[in-house]
Amino acid sequence: MQPPGEDAPAGCPFSGARAAHSAPAAPAAHEASHVPGDAGWHNAQLDFSKSMSYGDYLSLNSILDAQHPLSPDHNEMLFIIQHQTSELWMKLALFELRGALDAVRTDALPPAFKMLARVSRILEQLVQAWSVLSTMTPSEYSAMRPYLGQSSGFQSYQYRQLEFLLGNKNVQMLQPHAHRPDILEQVRATLEAPSFYDEVVRLLARRGFPIAAERLERDWTQPTRHDETVEAAWLEVYRHPQQHWELYEMAEELVDLEDAFRQWRFRHVTTVERIIGFKQGTGGTSGAPYLRKMLDVVLFPELWHVRTTL
């Protein structure tokens, strides 16, 4: 496209009177060719007997051999892959969130913004994944449910670490992992450390905002609670965004993340209601009612309340 006011170059088919006399256009580069040598892959490496292939790099043999249905039901494969892929996405979300946390601790906020944005996009991917599982009907799930035993997503240790890292702490949630000392150690370490939001509150203090001492050093195993001094700091940021642009951007990245996380939770509960109604969950929870209670959890309370205060 030519900028406004500039003449099109000679020979351009859109240049008015010259259009009728312009030379025929060259064949498009993407047009299909029937010549094998021109297919675009003739120089590609085809022998991987002595080098690493795509499958080798991704350990596809291990990944694709990790689905072991216990029932004869066709739909169990969907159920397994849905949860396995969700665990892979959560692994990446944890990786990015911990990287962002390290960046915030050193006041390197631009890299943290990039990582937080990626976590939000991961959560959007997880939201869309429920659409695939929702193709399973109650009848189909009932056929395979007896084979699941007491296994449940409630027991996902990666999901629990994600909740803890985002500030929704609960000491009792260690118990489902007591039979795996290695896993228990990981989950406990996340429980006992400051959450991502705790580190952001410390960042506010480093930037000169008067945050209450008891908020900066507290029992990290407890969930995030609303704090007036934190809200006052965010109020100042939102009233003068140009003066506190990095903090303003951090606030919006966090709201974006929690927004996506809420959508993921909502799609979770609606998918459960659609498939099993209000039956008890396989892990012993109340099922949909338990998940609905989780919709009321607020991860970053001051960032939501400050919108009313403004």
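Cβ coordinates come from backbone N, Cα and C, glycine included.
Features of the protein shown, as given by Swiss-Prot:
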| type | residues | note |
| --- | --- | --- |
| REGION | 1-36 | region 'Disordered' |
| COMPBIAS | 15-36 | compositional bias 'Low complexity' |
| BINDING | F79, I80, I81, Q82, H83, Y141, R145, T282 | substrate binding site |
| BINDING | H268 | heme binding site |
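Candidate binding-site residues: H83, H268. Fewest other C-beta atoms within 10 angstroms, H83. In the three-state DSSP classification, R145 (substrate binding site) falls within a helix.
Annotation for the binding-site residues F79, Y141: lowest Cβ count within 10 Å of the residue's own Cβ, Y141. Calculated from their C-alpha atoms, the gap between I80 (substrate binding site) and H268 (heme binding site) amounts to 16 Å. The DSSP secondary structure for I80 (substrate binding site) is helix.
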